[in-house]
Amino acid sequence: MDLLRGYTEDDDDDNDGPEEISRGGRGEGAKPDSAAAMEGEGEAEAEGSSSPDSSPRRLPAKSSAPRVDDTTLALAAAESARAIHRPLDPAQHAVAFNPTYDQLWAPIHGPAHPFAKDGVAQGMRNHKLGFVEDAAIQPFLFDEQYNTFHKYGYATDPSGLSYVGDIETLTKNQALSVYNMPQQEQKRRRLQMKPPDAEEADPSTAGPEVENPASDEWLLRNRKSPWSGKMDIVQGELTEEQKKYAEEHAEKKAEKERGEGRAGDKAEHSDKSTFHGKEEHDYQGRSWIEPPKDAKPKNDHCYIPKRWVHTWSGHTKGVAAIRFFPKHGHLLLSAGMDSKVKIWDVFNSGKCMRTYMGHSKAVRDISFSNDGTKFLSAGYDKHIKYWDTETGKVISTFSTGKVPYVVKLNPDEDKQNILLAGMSDKKIVQWDMNSGTITQEYDQHLGAVNTITFVDNNRRFVTSSDDKSLRVWEFGIPVVIKYISEPHMHSMPSISLHPNSNWLAAQSLDNQILIYGTKERFQLNKKKRFAGHIAAGYACQVNFSPDGRFVISGDGEGKCWFWDWKSCKVFRTLKCHEGVCIGCEWHPLEQSKVATCGWDGMIKYWD
């Protein structure tokens, strides 16, 4: 029972405490804490300490948080408040607070930087958008204001809103600068610069002549430009020298109007050739270009050459292309970068037989007719010339004003008068050489045309271009019937037809030779790919052996490469030239002989 009574007393004490607290702290008319404490102490002394209802003494409150140094905190707050109002230090790399607009635009104080005019080193400029550069003024405006200030004593402020210097002179001159002087001032200066004896020619001091429009004084006074004062001089009788000059000028003008495609008397006169052999006809009257009677194929199989047997050296610069005489190969035609075309004897003496000089610049391409009695040459002088092989005369000249990159005659016997030329202006131009007129233009390529190859019994032809595409055309119809262009394709500057006419070998500028079919679909043969040589950047010619068993090509390092057609493996490599081996031709009858040419000016014969 005593235990229960003790719990009851504790509950009463707990209930009484809050009431007293509420009476003392929150009740109406509550007194301050100090007064309440004094009053409580008085009551305790009056009632005595033996009263069981007296309130226990409250202990001071404690906190687990650490003590804060108010002094350090106040100093840091004051420092940050001051930092907000002072300008940024241009040397610091990071800002610990968000700067205000005024801080970013505040001028920088302190010692001037030794390498900067305005006291700020390069790279130490703060701006809300980043780096601040010096304000610039155009050189012409600066010179204008600088010279105006030294001349008149005033200039425009760089802001353009005010003037500095002599305001009186500014008002008097109406704010004109030295570069926009009034006409009166210019006229006065001209008069000052005139010599004394020219005073009488001054329009302002002249008499009634000034009012006469036919006089020089009137022209000088009223002219609008430096050329308007010139009078037409009445031409009298021409002298003999003037007449001769006028006639020559009229001839040149007429020739230019006729066009560069038609060669005048002067152009024909410059076309010449030199025969280097012993005689042009033998004792039986046969021409020097006729093939020997015993020129026949010796065997059916071709063999890769092993040794160097002969060199033709006559070109003073590199050799761009070589072509064997059709069917027999007893002569070899070469196009040189020295603007000359030469033909060499292959079977007998091995010497140069004739030199054709008609181009004024390097010769790009050459092409024989079917019987070899005529050939075409295309040069960088924008002319295509049709030569007689035997006599060395130019039969006709053609030009469109653009550089021809490739020339080809239609292989059909009844169309040997049809000339096709791939031009630098993306066109393939077709001429009728009998009339000298352009009969067709094939205009679909997006770059210079590099090759023309006839396929499908000469009913179609394939062209390649710098636009990295192949296009197939019907002969005589300027519409593309097949367009081949893939993202992986490169430009193909040389294409050759296989002897069986079923395949095309294209020299791709990614150092490989690709094979395309010549049937209806003109698809890429992915199983045949010839690689190993370095031909990127050079238009190295690719060719086949007469029996079609081997593929041959030059490369940029002067080598000649031989591949097997079936296995696509490299058979042999010959170091032929110093520099680029640009062309290679297999002899049409002697199956183990190959001719190569290079940019070293040499033509080499291999057996």
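Each Cβ is built from the backbone N, Cα and C atoms, and glycine gets one as well.
Positions annotated as compositional bias 'Acidic residues' by TrEMBL: 9-19.
Among the features that TrEMBL reports, compositional bias 'Basic and acidic residues' is placed at 20-31 (among others).
As annotated by TrEMBL, compositional bias 'Basic and acidic residues' applies to 245-284 (among others).
Feature annotation from TrEMBL assigns region 'Disordered' to 1-70 (among others).
The region 'Disordered' annotation in TrEMBL covers 180-222 (among others).
Sequence annotations record features per position, and here TrEMBL assigns region 'Disordered' to 245-296 (among others).
Residues or ranges marked as repeat 'WD' in TrEMBL: 312-346 (among others). For the repeat 'WD' (312-346), the residues of the chain that approach it from at least six positions outside its boundaries are 277, 289, 291-292, 295, 352-372, 375, 377, 379, 381, 387, 389, 541, 579-580, 582-583, 585, 587-590, 595-605, judged by C-beta separation under 8 angstroms.
Taken from TrEMBL, the feature repeat 'WD' applies to 356-397 (among others). Residues 260-263, 267-268, 270-275, 280, 287-289, 317, 320-321, 323, 325-328, 331, 333-343, 403-409, 411, 413, 416, 419, 421, 433, 436 of the same chain lie 6+ residues outside the repeat 'WD' (356-397) yet bring a C-beta within less than 8 angstroms of a C-beta in it.
Packing against the repeat 'WD' (442-474) from elsewhere in the chain are residues 405-406, 408, 410-412, 415, 420, 422-430, 480-485, 489-497, 501, 504, 506, 516, 518, 522, 539: each is 6 or more residues past its ends and has a CB under 8 Å from a CB in it. What TrEMBL lists as repeat 'WD' is 442-474 (among others).
Looking just at the repeat 'WD' (574-607), the mean pLDDT is 90. Positions annotated as repeat 'WD' by TrEMBL: 574-607 (among others).
Across the repeat 'WD' (442-474), DSSP helix (H, G, I), strand (E, B) and coil residues number 0 helix, 19 strand, 14 coil.
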